[in-house]
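S.K.: Dumping the structure here so I can ask a few things about it.
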Amino acid sequence: MKRQNQSCVVEFILLGFSNFPELQVQLFGVFLVIYVVTLMGNAIITVIISLNQSLHVPMYLFLLNLSVVEVSFSAVITPEMLVVLSTEKTMISFVGCFAQMYFILLFGGTECFLLGAMAYDRFAAICHPLNYPVIMNRGVFMKLVIFSWISGIMVATVQTTWVFSFPFCGPNEINHLFCETPPVLELVCADTFLFEIYAFTGTILIVMVPFLLILLSYIRVLFAILKMPSTTGRQKAFSTCASHLTSVTLFYGTANMTYLQPKSGYSPETKKLISLAYTLLTPLLNPLIYSLRNSEMKRTLIKLWRRKVILHTF
């Protein structure tokens, strides 16, 4: 591709919240704390599951993969946001913007499918406990995880390559916190109708279909919970399901609002706030919701902490 014939833009400017300079320092502090807590929470989960052989079962190995995705997702996005918030104008090269968009789509797409696989795993465990070892054997688990990662790679490769094959004639100011498809697409000086059809169809398949499957799985799970004889058990199960559904609704709902119609009528500031839900909040909440409330995870964490204290004592 001859870049000079197709595009005169060699770098982009990320504007961030430049319309609200008085808020940027406070936002920098909040985002930094969220980033550190996200990394720590997901790192703890990764270490706990990796070191405890008894947790090497599909349920926890799915969590391990989710934690890797969340750490990677945050590492691709948040440092750039912090730079944007700490400077008046942040420059990012054409190649740098391409790379960031690619990895955002890779990890975001992988998470969409991975959360669906995790919901299926919980559905099989709760609704078909006797057949669970057969339904979710190691082979099925590996296929679901590999499918999630390969799907994420394919989504990222197709969408990013397509977006950056368009000509960019200027202006080069991206009114966003990072290089994401919708705000970058607004700078394209060509007809993007076919891409928008692809984006609409792709979002339905990648975001809406897994989300609907998750909802159906949890409806079946809720019916199974209602049959539990123990009131305490029902309350605990309902609480867990409610927190899981809150997390997936936040993630899929906001991602759907962003990607279903890339050139939607939302204001730039609204788009930024929506994007923060699935780029900042869900990576922060998922460790708390999926893992740190889990009794087995907490027991393992306490054991590791005690072992560390004993080693330091001697």
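Cβ atoms here come from the backbone N, Cα and C positions, even for glycine.
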S.K.: Taking the topology from Swiss-Prot, would F17 and R234 be on the same side of the membrane?
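M.R.: Result: no, F17 and R234 do not share a side in Swiss-Prot.
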S.K.: Of the stretches 140-160, 198-217, 272-292, which racks up the most C-beta pairs under 8 Å with the transmembrane segment (100-120)?
M.R.: 140-160
S.K.: Select one residue from C97, C189: among these disulfide-bonded residues, choose the one with the most other Cβ atoms within 10 Å of its Cβ.
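M.R.: It comes out as C97.
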S.K.: Go through the chain and flag residues at least 6 beyond the ends of the topological domain 'Cytoplasmic' (47-54) whose CB is under 8 A from any CB in it; none is fine as an answer.
M.R.: 60-61, 63-64, 67, 291, 296-297, 300-301, 304
S.K.: Establish whether the number of Cβ pairs under 8 Å between the transmembrane segment (272-292) and the transmembrane segment (26-46) reaches at least three, counting only pairs separated by 6 or more residues.
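M.R.: The answer is yes, given that the two segments have at least 3 Cβ pairs within the 8 Å cut-off.
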S.K.: May I ask for the residues of the chain that lie six or more residues beyond the transmembrane segment (198-217) and have a Cβ under 8 Å from a Cβ within it?
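M.R.: Contacts with the transmembrane segment (198-217): 109, 112-113, 115-116, 119-120, 122-123, 151, 155, 159, 162, 181, 245, 248-249, 252, 255-256, 259-262.
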